[in-house]
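Annotated features in TrEMBL:
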type: COMPBIAS; residues: 36-49; note: compositional bias 'Basic residues'
type: COMPBIAS; residues: 50-72; note: compositional bias 'Basic and acidic residues'
type: COMPBIAS; residues: 73-85; note: compositional bias 'Basic residues'
type: DOMAIN; residues: 3-84; note: domain 'Pop1 N-terminal'
type: DOMAIN; residues: 91-142; note: domain 'Pop1 N-terminal'
type: REGION; residues: 36-85; note: region 'Disordered'
Amino acid sequence: SFFARARAAEVNAMLKAVGKPAGSCHIFNALPKHMRRRAMSHNTKRLPRRLREGAQRLAERSQRAPEKEKKQLPKSRSRRARRRHGNLLLEFNRRQRKNKWLETHIWHAKRFHMLKTWSYCLPLKPTAKSFRASYRAMNTHALLQ
C-alpha cells in the first residue's frame, strides 16, 4: 500500500535506533538485575558469552587509562578518636581534684554505687548487677581485676 511504502524509511530508522545500543551503556547493565554480580567485573568468564568480549575490551581500556591524581583530603578521625581525650593521664588527674580515686576506681565504678567520703571516692554497695561474676572471680583468681 501507498501508506506503508511512505512510512518504510521511518520504520527502518526506528529499527536501526532501537537495535543499536547506546554508546555510554555499561556492559553489565545489559544483564537483567538478578544476574548482575560484582565478581563479573573481576572475572569476565562469569559473564554470558555474548557479553564477554565487550567486557574484556572495557577492562583493557580502563587499565590503559592514566589515573587522575586525586587531591589528598585529610582523613576525618573516627567518632571514637574524636571523643577520646588527648591525654588520659591529665584527664585522670583532673577528675581527682576534689576526690581522690582508688587504683581500682574504674572497676568499682562500673559495679558499685560510689560514695564520696573523706576526700576519697569509695565503693559503697553493689549495683546488684554482678554477684555471680564477682563470686566466680573471687573463687577462681581474685576479686579485683
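Cβ coordinates are placed from backbone N, Cα and C, and glycine is handled just like the others.
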Positions on the same chain near the compositional bias 'Basic residues' (36-49), where near means CB under 8 A and six or more residues out:
27-28, 55-56, 59
State the non-local partners of the compositional bias 'Basic and acidic residues' (50-72) in its own chain: residues 6+ outside its ends, Cβ under 8 Å from one of its Cβ atoms.
26-28, 30-31, 40-41, 44
Mean predicted confidence [pLDDT] for the domain 'Pop1 N-terminal' (91-142):
86
